Amino acid sequence: MPKRTDIKSILLIGSGPIVIGQACEFDYSGTQAAKTLKELGYRVVLINSNPATIMTDPEFADATYIEPITKESILSIIKKEKIDAILPTMGGQVALNVAMEVYESGLLGDVKFLGANPEAIKKGEDRQVFKECMKKIGMDLPKSMYAYNYDEALKAVDEIDFPLMIRASYTLGGAGSGVVYNMDEFKELTNTALALSPIHEILIEESLLGWKEYEMEVIRDRADNCIIVCSIENIDPMGVHTGDSITIAPALTLTDKEYQVMRNASFAILREIGVDTGGSNVQFAINPKNGRMIVIEMNPRVSRSSALASKATGYPIAKVATLLAVGFSLDEIKNDITGTPASFEPVIDYIVTKIPRFTFEKFPGANTTLGTAMKSVGEVMAIGRTFKESIQKALCSLERSLSGFDRVKFEDRNDLVFKIRNANEKRLLYVAQAFREGFSVEELYELCKIDPWFLTQIKEIVDFEEQIDMDILNNKALLRKAKTMGFSDKMIALLVNLKDNLELSQNDIYYVRMKQKIIAEFSEVDTCAGEFEALTPYLYSSINVSELTQSKNDAKDKKEKKVMIIGGGPNRIGQGIEFDYACVHASFALKDMGIKTIMYNCNPETVSTDYDTSDILYFEPIDFEHLRAVIEREKPDGVIVHFGGQTPLKFAKRLSAFGAKIIGTSARVIDMAEDRKKFAEFITKLGINQPKNSTATSVEEAVLKASDIGYPVLVRPSYVLGGRAMRVVNDEAELRLYMQEAVDVSDKSPVLIDQFLDNATEIDVDAICDGKDVYVAGIMEHIEEAGIHSGDSACSLPPCNIDEKMQEFIAQKTADIALNLGVVGLLNIQFALHNNELYMIEVNPRASRTIPFVSKATGIPLAKVATRVMWQGNLKEALKFYDTFKVVNFDTKILRPKTPKYMSVKEAVFPFAKLSGSDLELGPEMRSTGEVMGISKDFANSYAKSQIASFNHLPEQGVVFISLKDKDKKYTKKIAAEYVKLGFKLMATGGTCKEILESGFECELVHKISEGRPNVEDKLKNGEIHLVINTSDSHSFKGDTKKIRENIIRFKIPYFTNLRSALAGAKSIKAIQSKSCLDVKSLQEWLKS
């Protein structure tokens, strides 16, 4: 049937900030949905609090609301925009939960649900209702019981044997779930799960540890046409969250009979749940001992796995699901890649591997064992002709300096057994190492329960290593076999060097391959195993078993101008969706100029790897071997390395030397900006202040240099992103401890030492330069003091406390740096304002993580403007082309946007709830996974919105617990006064309480944990504390501080860990009390105001 005509205006709900369990896969689905609905002529209204998304660009919707995703916001938008229907299935768990909250409020009126109706959502999401539905259609389920309090939960212990699986309902990424083995663990996890479930419901079921896990991506339409888009198999057995498991598509160890049973079961489940206009993900488990198959759960929406399945097959799941939601049937929808009907089930003739990316190194003390609660922050995908090739390419894609199955260290056999038995991010590497140590497939299966087929494949890779020595350089057949098995040039060189004590590089292997014509072949992802011609080139490389003909390896369309954009690889802390946003904008800008675009990336979650973002997509590891192969094939007229973060930037010099034309800022300039010594000399010549700094190549030299500079100092290794291993140290003892624990210092890896400007205000500046003119796009003032990583700091645009004269001075210094450095394109500079003196902290001649925020706040798409400048070289013309809202002031020497009549605030979002044992304290090492944006008429309201959107739900009244480190106690009176003025009662332990009382305010004294009961921990658990202000000395995560912060996370209590944000919070609470922050206004309205 054709599209629905009874609806005109559709509200699309986004997923909010990037968090563990919900990443940028929902920007991919949301962007596809918005584009599809607009093309069909619907009026699209969109809500999402995340500015770093493509879907929140003003052109993708008729009205874009960058607002907290709450029931109140949505009801206000529905009323204001006269919404006819809501599409909640493209924004993950966040969108489903809020949609159900709105539905249950009874205030929706005639507004319809698209994609999945409320009844279907309840059936799919409420574990008890889902269980009843499965029983009705004869599906097998784990033995289980539901509970709504601890007493009810205890009944399960009498009926189901340990170990027990506990799952919280309506949570994200397995939050509140886990396996318990005894009563102590049962009590702790049960109480946590009940607290985390928004409906205080938990499921207690028999453990399925060691069972095989599978997923089916299913689509169903109103006419009951059903297709399986993709089957996915988890290499890790049940017990590891599917988001943290290594997965394979298609499923490889199912028999045909098992597959057909699972396929039919999936269709029956969608029919019973009532999903008839979209896609769903259904998860199964199979007992390897007897073949018993049970249903685990289903998601009645587009999911993380949907994004993977879409990229694995080339089937546009989000677009098809959107079309189904508005009335089309599968046979009426055309597959954009092949032009065939969408009712054809995809067929693939290759193997896809997904490996999750973790960043445990950012969270000392966090539990790194993998379980049923998700912990990964990103993922990579690789495509190969065989499992061996695919898995080795995936390992190379992780950006962990892996060359494949690298050797890993272990203490002894018992340690190796422990590391294999307990799932962790390196488990497959330990499995490979165990084969090298003589373990059998049977022994390893008993330890890890990974299917013997996968273990055998890994063993064959390890066994083949024995054949790789210097003879491979002259043995064409052996070298070809190594390459068809996925061995990288780098790994082959390492193995030869290990055997024969040589010093071969990957280049040496490359030249041998070229001489022997062992060259990468590029194949298409086309959903049909080559049966139909692909209209959209989406490519991966493999080494064929026989020699290639030259025509098979050459790219077509050589006459067209084309530019290759290198993406950022897997999401991780320090390099996230913001960089993919810039890459996508680069592609759009090149298309605007008629340039053919080539996107190169390995992240399946992103918009950049969507089939219609660029003209050609290469899904390959971002390493030199694979980059070189694509550049040799395509021979692009330019390569952009500046938008994908540090990942592509580190290849600038090698690619330039190889002959690739880097457009924009040159490799020489990039290298100079990274060289601290050269760059310090450059800044000194310009007469710009910078903190005293030095480098050290040994511990003793570091101690000497730090003493000369004067404590406190900021220390870090060179060449880092996201402030990794960066720390403020206050004395020699702390410095020696840091040098011992955090870095490996040497002549090749010096440590950088900078004067730390205590209590300074940090400033972020984004600018664009064409060599003649400079556009200072945004001057952002950080809310938190200097010393907290810029990626973790909230910031305001325009600045709140920096006068116009100082802003002009900052703009001038930015222009001086950009013009003298030779920047062509984007530039980010971090300044610090200390005692009214401006200091330059850092310069990055590339896209920064604030580019999306500044673009949204000002209405100028900075990455698009910069791309145009990099290709055509004229900044003013590029600005005029994209200045839709007429915000640029062209009358000044240094170009700047006009001061807006509103305030924008960016706030960071953190993963502490998912990483038990980690501290909330912020510092120079970045720890946030995502961001939100608040826009309103003033700072107080904007900051209030940013706190609501980042899940720090500030109370309007109640008790504030204040605990300040000694250094901060002088500000006690100021903090106390602000919160007393708002009507809050104060509570504190000894020292801080005394300070508050002496300041003239009432304060309830509460015991420290070591002083008796009731103490502060009891008060937190009992819900007697409604807001916590807790500052502590760096790295003092112990005692009371540790217990306080663990309970803050467990009971979701709002908190501040530094004074400036606590003071900003007081202003926000005033706005919340007055309800002024609840006003909603679209981004388009703000930009036109």
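A Cβ is built for glycine as well, from the same backbone N, Cα and C atoms used for every other residue.
Among the features that Swiss-Prot reports, Mg(2+) 1 binding site is placed at Gln283, Glu297, with the record citing sequence analysis. Summarising the annotation, Swiss-Prot assigns ATP 2 binding site to Arg716, Gln755, Leu757, Glu762, Gly787, Ile788, His789, Ser790, Gln830, Glu842 and lists sequence analysis as the type of evidence. The Mn(2+) 4 binding site annotation in Swiss-Prot covers Glu842, Asn844, and the record cites sequence analysis as its basis. Sequence annotations record features per position, and here Swiss-Prot assigns domain 'ATP-grasp 1' to 131-326 based on sequence analysis. The domain 'ATP-grasp 2' feature in Swiss-Prot is assigned to 680-871; the stated evidence is sequence analysis. The annotation domain 'MGS-like' is assigned in Swiss-Prot to 952-1089 on the grounds of sequence analysis.
Neighbour list (Glu842 (Mn(2+) 4 binding site), Cβ cut-off 8 Å, at least 6 residues apart, same chain): Ile829, Gln830. Confidence across the domain 'ATP-grasp 1' (131-326), taken as the mean pLDDT and rounded to a whole number, stands at 92.
Comparing Asn844 (Mn(2+) 4 binding site) with Leu757 (ATP 2 binding site), their Cα atoms are 20 Å apart once rounded. The record assigns Arg716, Gln755, Leu757, Glu762, Gly787, Ile788, His789, Ser790, Gln830, Glu842 to the ATP 2 binding site, and the maximum Cα to Cα distance across that set is 18 Å. Counting every protein chain shown, the Cβ of Gln283 (Mg(2+) 1 binding site) has 21 other Cβ atoms within 10 Å.
The binding-site residues shown are Arg716, Leu757, Gly787, His789; of these, the one with its CA atom nearest the CA of Gln283 (Mg(2+) 1 binding site) is His789. DSSP assigns Gly787 (ATP 2 binding site) to coil in the three-state reduction, outside any helix or strand. When the Cα atoms are compared, Glu297 (Mg(2+) 1 binding site) and His789 (ATP 2 binding site) turn out to be 39 Å apart.
Using a 10 Å radius centred on the Cβ of Asn844 (Mn(2+) 4 binding site) and all shown protein chains, the other Cβ atoms total 21.
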